[in-house]
Every structure is written in C-alpha cells, then in structure tokens.
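K.L.:
Before we start, here is the structure in question, set down as structure tokens.
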C-alpha cells in the first residue's frame with residue numbers, strides 16, 4: 001500500500017511527542033560527537049594518540065589498575081617508534097597523562113556508539129519512528145561503527161612502522177572528515193524534525209546553502225592535513241609565507257599531485273587561501289539569500305555565517321603566529337565545528353521539515 005504524505009499540521013500530539021524525543025536523542029548523539037572530536041584534537045595536540053597500542057573494544061573500557069598493570073601498558077608503548085625516537089626520557093607519570101587522553105577519546109566513542117544503537121532499537125521497538133525516516137536513523141549507528149574502525153586503522157599506521165612517530169596524515173584526515181560527515185548528517189536529521197517559522201527557500205538558495213557546507217568540509221579536510229603534517233608549526237608568518245605571497249617550493253614533489261597531501265608548505269598555502277575563498281563565497285551567499293528572501297531568518301543566518309568565518313580566520317592567524325599552542329588549537333577546531341553545525345542548520349532550514357506519513 002502506497003504511503004500517503006500528509007501536511008505536518010495534522011500531526012497528532014503523540015507524533016509530535018515522538019518526534020521531540022527522537023530529536024533530543026539525535027542532539028545527544030551530536031553533543032557526544034562534538035566532544036569526541038575535541039578530545040581527539042587534544043589527543044593529537046598532546047601527542048597522545050599512540051599511547052594505547054592495541055584495540056580491545058570490550059576489555060579496553062577498563063584502564064590499568066595498580067602499578068603492575070600500568071607498567072605493563074607502559075612497556076607496550078616503549079616498543080613503538082614514537083617512544084624510541086621521541087620519548088625515551090618519558091616517565092611513567094608522563095605516560096599516564098597521554099594514556100588518559102587516548103582512553104577518554106575511545107571511551108567517548110564507545111558511549112556514542114551505544115547511545116546510537118540502543119536508542120534506535122528502543123524507538124523502533126516502541127514504534128515511535130515514522131516509516132519515512134527509519135532508514136535515515138538506521139544509518140547513524142552504522143556510520144559511528146565505521147568511524148570506530150577507521151580510528152583504529154589510523155592508530156595502526158603509527159604503530160607498525162619502525163620509523164614513524166605519528167599516524168598517517170591521510171588516515172588522520174579521513175578520520176576527521178568522517179567524523180564531520182557524521183556531525184553533518186546528525187545535525188541535518190535532527191533539524192528536520194523542527195517546525196520552521198520561516199517558509200522554505202527556493203531551490204537555488206537551498207543548493208547554494210548545501211554547496212557552502214561542502215566547501216566548509218573541504219576546508220576542514222585540509223586543516224586535518226595541516227595537523228597531520230604539523231604544517232602549522234612552519235611558516236609562522238602572515239600574510240606572507242617565508243617572505244612571499246606565493247612561496248617557492250609549492251610543487252617541489254613529484255608527481256605534482258603529491259604536494260597536495262605531503263608537502264607542508266603546499267598544504268598550509270591551500271588551507272590559508274581556501275579560507276579566503278570561503279570567506280568571499282559566504283559573502284556572496286549572504287547577499288544572494290538577502291536578494292531572494294529579504295529580511296528573513298534565512299538571510300540573517302547567512303550573514304551570521306560570514307561573521308563566524310571572520311572570527312575563525314582571526315583565530316587561525318593568531319594560532320599560526322603563536323605556533324599552534326594547545327589551547328588556541330582547540331579553540332580553532334571548536335569554532336570550525338560550530339561553523340559546520342550552524343551552516344548545516346542553515347541549509348536544512350531552507351527546506352521544509354519532514355512530512356508526516358500515514
């Protein structure tokens with residue numbers, strides 16, 4: 001039997017209550033995902049990501065207890081290249097600090113996975129999920145499980161090699177962009193349950209808002225490559241790089257495409273100039289929305305994105321000039337996530353809420 005699409009003004013009080021509960025569940029997942037990314041950023045900035053050298057999805061929940069277990073964990077760390085080449089003078093107490101960062105990152109990952117899976121099962125078993133959104137909600141725990149596997153795949157890249165003291169920048173960037181995709185997806189889903197006071201925008205505005213989210217994700221991806229190659233700790237001047245607007249050595253690697261992923265100078269250059277490009281696109285977008293839907297909530301959101309981009313650019317410059325201190329690095333990452341989430345909210349709000357299904 002074909003589904004009948006209804007107008008949302010015919011939603012029953014029970015359907016509205018169910019939607020509100022699902023939305024709260026999705027927002028809880030979103031908050032945990034944001035926390036995981038920030039703890040992951042701290043884990044990276046403190047060099048803690050390789051402190052746990054194995055992956056035990058169940059038993060790994062329990063940290064070392066007592067001096068003997070701590071010493072055993074420390075001995076495992078002493079077998080990898082990061083300890084041998086960088087941290088030979090590390091004490092057990094110093095090891096505990098980096099261990100706790102990585103442990104917290106993994107625990108948060110398990111928590112969000114359980115929240116997503118158990119929440120989905122409960123809403124499905126109690127028949128609170130409408131047919132047209134069941135598949136979308138099912139994708140959430142699948143993506144989170146996939147992200148957990150990517151996380152270990154990333155860590156493994158820095159453990160199995162005798163000459164590597166950090167994880168692969170390719171895998172780090174993939175890990176972060178997958179997390180950002182999950183954040184984008186969950187934000188988009190959760191906002192779809194909101195009844196908007198503003199009418200939907202036209203299709204051109206909707207598409208422009210969607211492409212803006214794509215551009216923000218690209219900028220975050222190159223930011224991850226900057227982090228993976230420690231490119232923020234070189235060429236710490238602005239607006240020039242090494243005394244030049246377009247520095248020498250941008251294409252020094254062969255083949256040329258390798259510079260986009262392995263040349264710190266090129267990657268920092270792209271991250272800088274893509275930020276300028278993104279700023280101009282957000283301005284164009286804001287005026288375009290204002291022209292099409294003047295003095296609307298949509299246009300106000302579009303202009304606020306411009307403000308957020310300016311703040312983020314200022315933070316990026318200060319972080320670069322100060323050679324990426326941990327605090328500023330985390331603030332820069334936090335604002336990037338805020339821009340992403342708000343841009344997704346703006347994009348989703350240009351459309352109508354999920355329609356009721358009979």
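Including glycine, each Cβ sits where the backbone N, Cα and C put it.
Checked Swiss-Prot, it gives:
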TRANSMEM  22-42  transmembrane segment
TRANSMEM  107-127  transmembrane segment
TRANSMEM  139-159  transmembrane segment
TRANSMEM  173-193  transmembrane segment
TRANSMEM  208-228  transmembrane segment
TRANSMEM  269-289  transmembrane segment
BINDING   271, 332  heme binding site
TRANSMEM  302-322  transmembrane segment
TRANSMEM  324-344  transmembrane segment
K.L.:
May I ask for the residues of the chain that lie six or more residues beyond the transmembrane segment (324-344) and have a Cβ under 8 Å from a Cβ within it?
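P.N.:
Distant contacts of the transmembrane segment (324-344): 30, 34, 37-38, 41-42, 45-46, 180, 183-184, 187-188, 191, 209, 212-213, 216-217, 219-220, 223, 232-233, 301, 304-305, 308-309, 311-312, 315-316, 318.
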K.L.:
I'm a bit unsure how to read this: which one of 139-159, 173-193, 208-228, 269-289, 302-322 has the highest number of Cβ pairs shorter than 8 Å with the transmembrane segment (107-127)?
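P.N.:
Between the stretches 139-159, 173-193, 208-228, 269-289, 302-322, 139-159 has the largest tally.
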K.L.:
With Cβ-Cβ distances below 8 Å as the criterion, list the same-chain residues six or more beyond the ends of the transmembrane segment (269-289) that contact it, or say none.
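P.N.:
Result: 201, 205, 208-209, 212, 215-216, 218-219, 222-223, 225-226, 231, 241, 246-247, 250, 260, 296, 298-299, 302-303, 305-306, 309-310, 312-313, 316.
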K.L.:
With H, G and I counted as helix, E and B as strand and the rest as coil, say where DSSP puts residue 271 (heme binding site).
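P.N.:
DSSP call for residue 271 (heme binding site): helix.
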K.L.:
Identify, in sequence order, the residues in the chain of residue 332 (heme binding site) that are 6 or more apart from it along the sequence and have a CB within less than 8 Å of its CB; answer 'none' if there are none.
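P.N.:
Residues satisfying the criterion: 312, 315, 316, 319.
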K.L.:
With a Cβ cut-off under 8 Å, give me the same-chain residues at least six positions beyond the ends of the transmembrane segment (139-159) that come close to it.
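P.N.:
Same-chain contacts beyond the ends: 26, 29, 49-50, 52-53, 55, 57, 80-82, 106, 109-110, 112-113, 116-117, 120, 165-168, 171-172, 174-175, 178-179, 181-182, 185-186, 189.
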K.L.:
Near residue 271 (heme binding site), which residues of its chain come within a Cβ-Cβ distance under 8 Å, counting only those 6 or more away in sequence?
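P.N.:
Within the chain, residue 271 (heme binding site) has Cβ neighbours under 8 Å at 219, 222, 223, 225, 226, 231.
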K.L.:
In terms of Cβ proximity under 8 Å, which residues at least six beyond the ends of the transmembrane segment (302-322) contact it?
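P.N.:
For the transmembrane segment (302-322), the nonlocal Cβ contacts are 209, 212, 232, 236-238, 275, 278-279, 282-283, 285-286, 289-290, 328-329, 331-332, 335-336, 338-339, 342-343, 346.
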